[in-house]
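Peer 1: Okay, these came from TrEMBL:
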type     : residues : note
DNA_BIND : 86-129   : DNA-binding region
DOMAIN   : 84-128   : domain 'Homeobox'
DOMAIN   : 131-332  : domain 'TLC'
TRANSMEM : 36-56    : transmembrane segment
TRANSMEM : 140-160  : transmembrane segment
TRANSMEM : 180-199  : transmembrane segment
TRANSMEM : 261-283  : transmembrane segment
TRANSMEM : 303-326  : transmembrane segment
TRANSMEM : 347-367  : transmembrane segment
Amino acid sequence: MAALSAWFWNERFWLPHNVTWADLADPAPGVEYPKAGHLLAALPLAVGIFAVRILFERFIASACARRLHIQAGVGRRAQPNAVLEKVFTSITTNPDTRHLDGLSKQLDWDVRKVQRWFRHRRNQDKPGTHTKFCESMWRFTFYLGIFIYGLQFLWQSPWLWDTRHCWYGYPYQVMTSGLYHYYVIELAFYWSLMFSQFIDIKRKDFLVMFIHHLATVGLVSFSYANNMARVGSLVLCVHDTSDFLLEAAKMANYAKYQRLCDFLFIVFSVVFFITRLVIYPLWVLNSTMFESWAIVGPFPSWWLFNILLLVLQVLHIFWSYLIFRIALKALLRGKVRPIYLSNHNRILVFCFGVLGVSGTTQMHFLLKPEKWIEEKSRPLKSKST
């Protein structure tokens, strides 16, 4: 075990040349450097956040949903049938023609009746609009709160105004209480999302989103462990900037305030473009790739960190293109509507989610059931705003 730990925490990988873990182990009195063990505090905090979420959704978000006439009604349920239930749970939830014909003969049912049963049974496992509204309101509240906290903290930090301060004195940079709290709260939130997946209604993207949350936890922990938390806080803030807008747009959609929904989606798109295509490459990547090279110099974990950030930028460009198409057609046609997309697009969700760091769990809203893609079908009646 000791050999495995020594291999994993190899100084040649994690630290710049001529720096050892021993150099960081005994700081001056009143000075604290990041240690991986500090992040263990995120686990009990994640349990607390999850408990707060349950109370928030049950007593606050649910009341808001009812005020907006979003009722927690139960949809049409499939009639009990042991044979079909066994097929549904152990073989397939969407039987092909061969299975349908066989079940039709076995039960002496019309094929359409069998299809209808499976459709109703699948819908039973889908969260209702009330549930989705409550989840979005919780995420909106958290994302807005953490964005305000992060911006307020960074406003007083020198590296917000001059990113070279991310690297001056690296890795001997003091971990302030504000930076520590920012990191631990973000990390605890994603731990809480992992917990909640096993308790919430299980969805089709369970594995995709679980891997996304796990990767986010890994990336945040990685930047903390090698004391790149200053530039990491900038990455978190850039991604937090648009997340609450997306959740607000989703809430407007669930409440059928279509004009407000369209407006918020356009605002989200503009903010997304500015933060991901302008601020992120010109501000964050410029610092991690060029300023750090000049001040600190490259080392193995530096290369890995920058490769991940560059891949993330490629995904930013790709997603910005998709969002631009959605926003443009919403402006031209005056409507953004949800439709179902193919499994091919779920793969794109997976790729973006794994490398999306903060907030990209919400980008699956664009490419999974209840996605926001224009639809040419009948117009949707909307409430006035």
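The backbone N, Cα and C atoms fix where each Cβ goes, glycine too.
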Peer 1: Counting only pairs 6 or more apart in sequence, are there at least 3 Cβ pairs under 8 Å between the transmembrane segment (180-199) and the transmembrane segment (303-326)?
Peer 2: no
Peer 1: Would you list the DSSP helix, strand and coil counts for the residues of the DNA-binding region (86-129)?
Peer 2: 31 helix, 0 strand, 13 coil
Peer 1: Averaged over the whole of the domain 'TLC' (131-332), what is the pLDDT?
Peer 2: 91
